[in-house]
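Undergrad: Next up is a structure, given as structure tokens.
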Amino acid sequence: MGGHSESSELDVVKPYQDRGWAWVVMCSAFLVHFLTAGCEKAFSLWYIEILEVFGTNSATAASLGGFSAAVRLVLAPITVMLCTKFTIQYVVMAGGLLSCIGMIIAARTTSIWGLYVGFGVIYGLGLTLVFTPALIVCTIYFERRRATALSLSLAGAGFGAFFIPQLITYLLQIYGYRGAMLLMAGIVLNYVVSGAIFFTPIEEKVEKTEDTTIALEKPASFLARIKSSFIFLELLRDGWFMLFISSFIFNMMGSGPVTNLILHYAEELGTNVKVSVFLFAIEGGVQIFARSLSGLLFDQKLIKKYRGIVWCADIILSATIVCLFAAATNFITLCILMGFRGLFLAIYISHQTLMTCDMHNKPKDSGLLPHAIGMTQFSKGIGILLGSMISGKQIYFFT
């Protein structure tokens, strides 16, 4: 991991990278992560409401949150292909519209299966069109400051975890499930604003136009065109990269259910929902600082060559914290564990894309980096889906 990252210092920085509009793009990506992570953290609140409003069982309700997150991540490779064809700007704006429509359906439906279609499929599909491009766009606009930019943009997830659950708690008290969901549909429409900022740099357009002209001058066979469409399959031949993305499956199987079920768990320990929602505020508050500071540290020359080792050690610590949740018997213990989870999860998530760049040993002009990022998101989606299904069934059978 380290040797490859050091070589990036020798890469030529393009005129639009690491300066000017690039930081506006980073702020826009911040908004995407603010909304996405905040709404995802708040699913524990929706989970409790869904049990009451739809009269369903815990396994079905818990699986919904995992299903929505899984759709967001599993379809990431397809999103990358759409970004290549239609640009990141158009894809993210379309995703914002779909997210809004999905939440409107979730607010109006009276059937649990309608909820799966609205919140699970359509809202999840909208998220996949905004989340992965928000990661990719930072790798386009940043080179030498990539770790800093990714960490600062992903710090939006910490702010989202801090504020949005509090907002949804307030909306649920005033407007109930359907009113709160409808208002959140309007809020997530801000994805469209973020998408409008993600326009393709002029220099990138010129390069793509030149590549297209060359391709037209040399007509390719049908099989060659098919092969170019599935160029990401080359990554499957890299054993180390496959081992790398497989680790995401197991990590998210354990980490994902904590987000979906922590408030329900706190409620069983005798804590009121209005109080237990502060667990996300604790996690989010820690993440705000951890994501920002870790990005600055990971860009330092002294740390760069060891950042892969630091990241792997962080995964071990994060997994240990997840295991300790089962031993928690009171709210204070949960608060402490959520604080540590926020710290280790912030470092882990903030630098997933950076580690993917380090593990991606193909030439920069191969066009495979966005596909590599998409495949890591796909692996995370599989892990979240499996984790939510297993945890939901365990609750159903053992309570």
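Note: Cβ is positioned from N, Cα and C throughout, glycine not excepted.
Just so you know, TrEMBL annotations never went through curation; they're auto-generated.
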Undergrad: Write down the single range among 275-294, 295-314, 335-354 that appears in TrEMBL as transmembrane segment.
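TA: So the range that TrEMBL calls transmembrane segment is 275-294.
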Undergrad: Determine whether the transmembrane segment (54-75) and the transmembrane segment (275-294) share at least three Cβ pairs under 8 Å, counting only pairs 6 or more apart in sequence.
TA: no
Undergrad: Can you find at least 3 Cβ pairs under 8 Å between the transmembrane segment (87-107) and the transmembrane segment (180-199), where each pair is 6 or more residues apart in sequence?
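TA: Yes, the transmembrane segment (87-107) contacts the transmembrane segment (180-199).
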Undergrad: Which of 21-48, 113-142, 180-199 shares the most C-beta pairs under 8 angstroms with the transmembrane segment (240-263)?
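TA: Result: 21-48.
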Undergrad: Which residues, given as numbers and ranges, are at least 6 beyond the ends of the transmembrane segment (180-199) yet have a Cβ under 8 Å from it?
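TA: Distant Cβ neighbours of the transmembrane segment (180-199) are 24-25, 28-29, 31-32, 35, 39, 46, 87-97, 99-104, 106-108, 126, 130, 133-134, 137, 168, 171-172, 174.
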